Amino acid sequence: MSLSRKTLEHPVLILIVFALLGMIGIFTLSNVATALMPEIENPSLSINTSYPNADPESVEKSITKMIESAVMSVNGLKNLTSTSNEGSSNVSLEFEYGTDLTAAMNDVRDKLDRVKRGLPDNAGTPTIFRFTGDSGEIMRILIRGNRSVDDLKSIAESNVVSILEQADGVGEAEVYGGRSAQVNVKLDQNRMAAYGFTVPTVTGALSKQNLELGGGKVQEGHRNYIVRTTGEYTSLDEINDTVISIINGYAIRLRDIGEATIGYSDTTQESFINGEKGVYISVTKQSDANSVTVANNVYKKIDQAEQNLPPDVTLEIIQDSTDAIRETINTLITSAWQGLILAVIILFIFLQNFKSTIIISISIPLSIIITLFAMSMFGLTLNMMTLTGLILGVGMIVDASIVMIDNIYAYRQRGAKPRTSAILGSQEMLMSVTSGNLTTICVFLPFIFFIKDLGFMGQMFKAAIFTIVIALVSSLLVAIFLVPVLAGKFFPLSNRNEKPVTNPVLKRLYGFFEGIIQFFIRLYSRVLKAALDNRLITIVAAVCVLVISFAFIPTMQINQIPAGRDDQVQLNINMATATPFEETKEVVLALEAYVKAECKGIKTVTTSIGGRNTNRGSITIALPETAKQIDSAQDMQNKLRKHFAEFPSARLSFSEGFRGQWMGSSVDIVLLSDDLDAALNTAEEIREVISANKKISEPSVSMDKGLPQVEIVIDRERAYNMGVDIATVAREINYAINGSTACTYKSNGKDYSVVVAYRPEDRKTINDLESIYVRGNGGMVSVANFASIKKGLGPVSIRRESQKRIIHVRASNLTEENDNVIEEEIKAAIQENVIIPDSVVVNYKGAWKETMSQYGFYLKIAIMAILLVFGVMAATYESFKAPLINLATMPFIIIGVILIHKIIGEALSFMTAVGVIMLIGIVVNNGIILVDYTNILVGRGVELKNACFEAGKSRFRPVLMTTLTTILGMLPMCFTTEGQSSMVRPIAIAVVGGLISSTFITLLVIPVLYSLVMRKRGARPVVEHVENTGDYDKSRWEEDE
């Protein structure tokens, strides 16, 4: 008994099973979280080690090199980079995708344990950090009120930050702008020296006398009392009255050597929001948390925090990175619905039957709901890639059902009863439908073998591939089991002869549509007859068009990832190292004025100046959603670049947008040398030379020029004789200049750090360093007695890659020319204008090399996909010739792909390559239907050439119908521009273009090739009319009742 007959014997069971799957899928939709991208594990570890007061070269020698040597042999290690900064070392390990990071982390920990003993005594313990995903900023919240920025900062820190950090998924909430209130203890250097005090002497005294200690319990009667000793400061007078030491019976108090006052930290950072000085809170999420979910949690906490604020203070969200996620996802969902509606309209036009259209209309959303249910079960999010898979699936998942319903309808029109039509029609198409879906699924299997090699792109495609495969499997199950049941039992298709259309509107509408379809069938029949009569000319013409298409490739732009529509622009300002804060501020605010004057359609502008480095600032421009943008992110960048020449003292650059985070720089010149001075000077020369090339933007050097530094050269012999410890000297100088936190002072519910340092007038100049006193054997000794002051330049940081010192010169390509063209121009300019020292090695490592390497993997995937498709078809046909006919048409899909990209000006990208690979599975389905039906006709005795002609003519309608539903299902996606949705647009463009060209090739070239290749099988009696051959064996028909 056939599968189709068994299915029709249990229609209620089949209906209930699919109804339950549909209902469960609908109930679980709320469990599918939304995100911009799939969860991608960053296979990286970072090792941070502190080395207080050490310069970068000392950090490199004593810390970084030792750790690098220890971890180089860790399994799966791909890249090893390090940065040695003043007082700290960072070693980053990038592993191959698929590496077990837990095992790698344990291996790294074991190796670090072996080198700890060799590290300097005052070095910190190496700490390993694991990056499990994206932990970037998701929101900026402005705190607004008619108060000073210092007060607003205090309110934010006291009333808001702790509440926001309670939100699930929040990693940190950090306040920017304003100064932190603190107790400043300003010490008089001369008085300190007279009493023989040092900064640690004062901090120790303050700390010891500001305690609250538990003293156990005492019992009185039936009650236990907790004993608590309270000695915390309650006023500034108490702090100033603190006894530092007893000398000759006389108490020396803090007020005798200095003064404690409420004040603020030194101003080294300011923030401006829309041109006004302000305070905002930056909220970052935990690395493994979902951005949209975290943002929703933060919204709730904002409402809670506002209840704790003074009446005149409010919170306002000025930037929410999840807006772009929501915009992108909503755009893709809209595209999916639009594609679904267009596909249903096409079905109605071709089928001209309400019940057939209803059955197909049920199969599409049901397949999608089952797919979403599977996504929920496997923990996938509704993101840009999974939605792309669903959109691409909208067209493909309907193909199987269309083929089934078309053949069932054909039997019904010839007089078979509904149940019989469902059995015979589905049984006849079962093999071709199954084979067609399997070939499409097979196309995606090779991706599994190259996931590691494709890196980030491979991780992205995993989610899309899973979605498409599940959608295809679910659609196949719907087509095989549900469609015959609906067509044979619950929505029995009507016979036009038994029940002709009587509604005049529908009759006229059907007649109009049928007239158009018959016109194309007649046109196609004439063209096909001419092709079969001129087979050689047909094949030569197709090959010539293919060759012409390939000729366009050198004239087209090729890149890795298409550019999306970014929702923000960030301009980074770098002044010369050690530039004073006020000078940096002047330049940043001048650039901000140009932003406000020339950039249109801005949502908010957030300007940040200073911070850890007084020579740096940034201007972040938040844009509204794409539909409301006046100037795009690229427009704003172009406007601001025109003014860069007005600021020769600043290095200006734009942060890479979403696309740039995952691509290398278009231009990346690598300088390797142990001589940092020579390498840095060469890098600066190269930057100057390539700056003249107007095709690139913002060339930058990865290493700053030397940091002006004062080196205190200690005479070890003299220091030893005076009983001065070198480590103590370094510590005392650091405390005297930067201050040291002694304790915490609580007042009116607020906590103030008590910071002890010399008075500003005692630590203003270099000469003041020599006047700093430290304790020796004979009392207090000034630094000038055992050390000399030396000015110089020291490296800000030392970067290493693969255990070699390295400097990068990077730039972006502003044109539509390919990166390799720009790179050749830059190479020529460098060779002509820059003399490279013998100690410096220059390499070129732009994005082009990585791009070509990745395309090589896509080519391998395509070849494997073709071989798998061939295997499935060979097993289906039990023949090698028939599959070869289909495969021979594969190269012709490139015609439409190239031409449509050329016409609309879209660059070729990895997404295009994915679309081409998908086409291998999609296009072959039409060929399978055509070849399979031709085999049936030949097997029934039809002459070969006539069978080719009649098969093409008979299958024209279902081939065109499946092609149009796939094209129209993806068409809305071809026009998406909102958010980052345009990044995946080339997949749809490639599929649409390839389907257009391949459909013509399938309908014309396959019959021609079949008539040539299968000549021996065609030695049958000539029969002029297929309908008289008994191809519909009525003896097989059964009555329904």
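Glycine is no exception: its Cβ is also placed from the backbone N, Cα and C atoms.
Sequence annotations record features per position, and here TrEMBL assigns transmembrane segment to 12-37 (among others). Long-range contacts of the transmembrane segment (12-37) within its own chain (CB-CB distance under 8 A, at least 6 residues past either end) are made by residues 290-293, 324-326, 328-329, 366, 369-370, 372-373, 375-377, 380-385, 460, 478, 481-482, 485-486, 490, 980.
Feature annotation from TrEMBL assigns transmembrane segment to 332-351 (among others).
The transmembrane segment feature in TrEMBL is assigned to 358-378 (among others).
The transmembrane segment annotation in TrEMBL covers 384-409 (among others). Same-chain neighbours of the transmembrane segment (384-409): 36-38, 328-329, 332-333, 335-336, 339-340, 343, 347, 351, 353, 356, 359-360, 363-364, 367-368, 371, 375, 421-422, 425-426, 428-429, 432-433, 436-437, 440, 460-461, 463-468, 471-472, 474-476, 478-480, 483-484, 487-488, 493, 918, 922, 925, 929, 957-958, 961-962, 965-970, 973, 980-981, 983-984, 987-988, 991, counting only residues six or more beyond its ends whose CB sits under 8 Å from a CB of the stretch.
What TrEMBL records for 430-451 (among others) is transmembrane segment.
The transmembrane segment feature in TrEMBL is assigned to 463-487 (among others).
As annotated by TrEMBL, transmembrane segment applies to 508-524 (among others).
According to TrEMBL, the transmembrane segment annotation covers 536-555 (among others). Sequence-distant contacts of the transmembrane segment (536-555) (same chain, six or more residues past either end, CB-CB distance under 8 Å): 891-892, 894-895, 898-899, 902, 908, 1001, 1004-1005, 1008-1009.
Residues 431-432, 435, 438-439, 442-447, 449-450, 453-454, 883-884, 886-887, 890, 910, 913-914, 916-917, 920-921, 924, 928, 931-932, 935 of the same chain lie 6+ residues outside the transmembrane segment (857-877) yet bring a C-beta within less than 8 angstroms of a C-beta in it. The transmembrane segment feature in TrEMBL is assigned to 857-877 (among others).
Marked as transmembrane segment by TrEMBL: 883-900 (among others).
According to TrEMBL, the feature transmembrane segment maps to 907-931 (among others). Same-chain residues lying 6 or more positions outside the transmembrane segment (907-931) and placing a CB less than 8 Å from one of its CB atoms are 392, 396, 399, 403, 432, 435-437, 439-444, 457, 461, 468, 553, 556-562, 816, 854-855, 858, 861-862, 865-866, 869, 873, 876-877, 882, 885-886, 889-890, 893-894, 897, 901, 951-952, 955, 958-959, 962-963, 966, 983-991, 994-995, 998-999, 1002-1003, 1006-1007, 1010.
Listed as Cβ neighbours of the transmembrane segment (987-1010) (distance under 8 Å, sequence separation of 6 or more from its ends, same chain) are residues 388, 391-392, 524, 527-528, 531-532, 535, 538-539, 542, 882, 885-886, 888-889, 892-901, 904, 906, 911-912, 914-916, 918-919, 922-923, 926-927, 930-931, 934, 944, 948-949, 951-952, 956, 959-960, 963, 966-967, 970-971, 973-974. Positions annotated as transmembrane segment by TrEMBL: 987-1010 (among others).
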Close approaches to the transmembrane segment (430-451) from elsewhere in its chain (Cβ under 8 angstroms; 6 or more beyond its ends): 3-4, 97-98, 396, 399-400, 403-404, 458-459, 461-462, 465, 468-469, 472-473, 475-476, 479-480, 857, 860-861, 864-865, 868-869, 871-873, 876, 917-918, 920-922, 924-925, 928-929, 932
Distal contacts, the transmembrane segment (463-487) - CB-CB under 8 A, six or more residues away: 3-4, 7-8, 11, 14-15, 18, 38, 355-356, 359, 362-363, 366-368, 370-371, 374-375, 378, 380-381, 383, 385-386, 388-390, 392-393, 396-401, 403-405, 408-409, 418, 421-423, 425-426, 430, 433-434, 437, 440-441, 444, 447, 493, 918
Beyond the flanks of the transmembrane segment (508-524) by at least 6 residues, Cβ under 8 Å: 349-350, 352, 501, 952-953, 956-957, 960, 1003
